[in-house]
Amino acid sequence: MYGRDPWGGPLEINAADSATDDDRSRNLQDFDRAALSRPLDETQQSWLLGPGEQKKKKYVDLGCIIVSRKIFVWTVGTLLVAGFLAGLITLIVKTVPRHHPHDPPPDNYTLALHKALMFFNAQRSGPIPKHNNVSWRGNSGMKDGLSDNSVNKNLMGGFYDAGDAIKFNFPQSFAMTMLSWSVIEYSAKYEAAGELNHVKEIIKWGTDYLLKTFNNSADTIDKIYAQVGTGDTSGGSTNPNDHYCWVRPEDIDYPRKVYECHSCSDLAAEMAAALASASIVFKDSKTYSQKLVHGAKTLYKFSRDQRGRYSPGGSDPSFFYNSTGYWDEFLWGGAWLYYATGNSSYLQLATTRGLAKHAGAFWGGPDYGVFSWDNKLTGSQVLLSRLRLFLSPGYPYEDMLSTFHNQTSIIMCSYLPIFTSFNRTKGGLIQLNHGRPQPLQYVVNAAFLATLYADYLEAADTPGWYCGPNFYSTKILREFAKTQIDYILGKNPRKMSYLVGFGHNYPKHVHHRGASIPKNRVRYNCKGGWKWRDSSKPNPNTLVGAMVAGPDKHDGFRDVRSNYNYTEPTLAGNAGLVAALVALSGEGRAAIPIDKNTIFSAVPPMFPTPPPPPAPWKP
């Protein structure tokens, strides 16, 4: 009897099995083939094949997030392609030639400005710097001050005034003040024209010389060296001097007298204005600026302590630059010293009614509103109106500041063609000197003040001003200035440019010693140069940038070297021209406004002083 396997099989281990090992192997192979004869699902295959190659994951673990592998691959691929394209575009941009749009061409005022500044290079005295760019000029006046035994002081440097070789402190100081004022207001325009460093160098050349003409380290002085060289030829004198002789400055061999003054309020106050205004220009050079301020204070104190005109009758200055008074210089110098120092005592003086009265602020008259090297009243009124427009200091200054502001408005009205304060030539030139010779120096000053005042009004958000009941826009003032400067640049009946080197038709016989004598290594003596003075040939050297004296009251002009009333340029005239040109420059570009704040750098915050209380009430 056999035991039964509960699963249906025999329990006998040694059950008869007649199959051999080969048969058994063959049978197993048959079973394998039978098993593989039908398709197996994944589970069955895994049983048979064991652990095999794993499938790629569908997700990528980035640590903080898990993203789809497909999205990850697309993102990385897109970034790589974008980077490649960006690099390719950058490479193309870098290698392909660029075609920048050209800047607009400089306007006529900017072109004329470059030339007008060159005149000062031609007028330098002393050792000429290498970069002066006037090939026919050389060192001159190297013994100025030392050749006068009564002085024996080094007075090299500065500028020759006009066509002669005299150094007049009075008009030279005014010229430096005008240039400094224009830089303070329009430094951005000078920078845009590429002339800021040039004009500052010109100013420093002048102020360095002015500092030599008095004891600038002292607090109190008793004299100023007012002039180097003489020009009086009255009485038939044949002594060699800077008017009788016609020689190049480099060839001067005669002694040059130094004119000394001990009571010269007008000159000292004007020199103070020049140094004070320049101290604002050079405010970033602290040591030099402080030196200028100290010198200005010393000069102004001297002007107040030692009253008198620098050009008394019969003196050499009285024949050429005679000052009619010093009250306007007190006003002018005081205003500039206030801006340079912030010391209210200067403002108190400049706004004193009695001083303004003596200066002519309430007189009117035919020359009222004419700004020049002799009369600074109009310039002072504009300069102090600026203070009221932008800082409005109030009491106790408001009374006079408002008066100056009103007077400035009246003067601006007088410049307009619709008023008859000043005549005009048929060609449109305003006759500020009432038909007298050498008109242009007065015209350029008026053009500068008109443009500057228009800029003041616009910077104060004021579109214009009143002339009586009528309101005029600032555009009218600019139009006046443009018509006058355009006349000088050639828009006149003669089609003559009165700025040498500008345009094609300009004076060729300028009254100027250095320009009229060739640089030919021949040293002409005092009378030997007369042949060049009297020659009808054009000057061998072009005095680029010189504004000549100008036409007569009928628009007529004679290009004759011997007639200085037509053809002689001056420092003061060119300084006014430079100021007017920079004020009008920059047409066709983004408007560059005035610099509202630089002039107030030293002025402390102004808190108006309350007026005094009323008198006690009495029944």
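Backbone N, Cα and C define each Cβ position, glycine as well.
Look at TrEMBL and you will find 1-24 tagged as region 'Disordered'.
Among the features that TrEMBL reports, transmembrane segment is placed at 71-93.
Mean pLDDT, taken over the domain 'Glycoside hydrolase family 9' (109-581), works out to 96 on the 0 to 100 scale. Here TrEMBL flags 109-581 as domain 'Glycoside hydrolase family 9'.
Annotation comment: TrEMBL describes H511 (among others) as active site.
As annotated by TrEMBL, active site applies to D559 (among others). The Cβ neighbour count for D559 (active site), using a 10 Å radius and every protein chain shown, is 17.
The Cβ neighbour count for E568 (active site), using a 10 Å radius over every protein chain in view, is 21. Feature annotation from TrEMBL assigns active site to E568 (among others).
Between the alpha carbons (Cα) of H511 (active site) and E568 (active site) lies a span of roughly 5 Å. Around H511 (active site), a 10 Å sphere centred on its CB holds 26 further CB atoms from the protein chains shown. Separation of the C-alpha atoms of D559 (active site) and E568 (active site): 10 Å, rounded to the nearest whole number.
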